[in-house]
């Protein structure tokens, strides 16, 4: 039987191991319980989390048991990893709302039936910790000198690192220990930016529990230039259909750079690797067919088959000059909005994230209505724009929205 590690390596998921040979043997010989932590600082996951969930799904399909750890407790502190400033503090109520929303999203990707996977919240054990006991039982195993040399703290020392954030590594390490004791968890998976925190957890479990503990990091989703993927004009590429429509989500993947198609197919779909390599090797006009497959497969996983088909049909209709516009993302305005500037309206209904961004689009010639380029910031919406019952807004080269009047 093939080791899931070979599949993960072949697809390009794994960046680093704490104990590579031990990890390989463990995955060959046992059904391993492992965990990935998710920071509930927003009420939706984004595409950066999606790669972690695909990592989990491949492991689960190979017979291993995932634990999705929602950081309801650690979110009260804030993770300094990769940040140059202290994060905004969230209230307990905000964090709980985010935890509840994320749970619902995760259930679309991971099978939680019959104890095949677990969702737990570290608030359940962190919020009631006795601080003195925690220092005696956990703090004693951490060297401050070594912590300060960790990459996640180095970046913050010049600007100032609060003692609150300094505790984060201990708390994340303690999470691994609790999951090890309670559920037999032996492995942590996570983003490569979490490497220092993950090492701390592995070492804590090995010292306190005297048992197996290991970690491996997942590559971050970057393009061929090394820049993080998943950013749009409106911000992050959220998995929530209310934040980013299935059509816009589909279009994002339909428009990735040719050089990124194979990597995205490998990391974000379940297509066999032979097919991934075949599609990734296509050139010229043929690579567009591979991009359509990528967009459809990723949208299907995130939003379901029906929404993926609708997005595909809408894109085909738009780019072939077809008439079916029913699946293009639609916003509703009132008759009172007629006479307002196009800029004011598209900002009001969130077609663009702000008037500043809308102004930039117009000034750069990137906004049109019904095929007519908007060249003046003072251009107003009028009845003529809605002769066909709706107005079609185009942002950039391939982003569309319909405006209808109610």
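Going from the start of the chain as shown, residues are counted 1 onward.
Cβ atoms are placed via backbone N, Cα and C, with glycine included.
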Per Swiss-Prot, the range holding motif ''HIGH' region', considering 30-39, 40-49, 50-59: 40-49
Per Swiss-Prot record, range annotated motif ''KMSKS' region' [choices 218-222, 223-227, 228-232]: 228-232
Listed binding-site residues (35, 168), ranked by Cβ neighbours within 10 Å, top entry: 35
Max CA-CA distance, Å, over listed L-tyrosine-binding residues 35, 168, 172: 17
Conformational class of residue 168 (L-tyrosine binding site) under the three-state DSSP mapping: helix
Average pLDDT across the motif ''KMSKS' region' (228-232), rounded to a whole number: 77
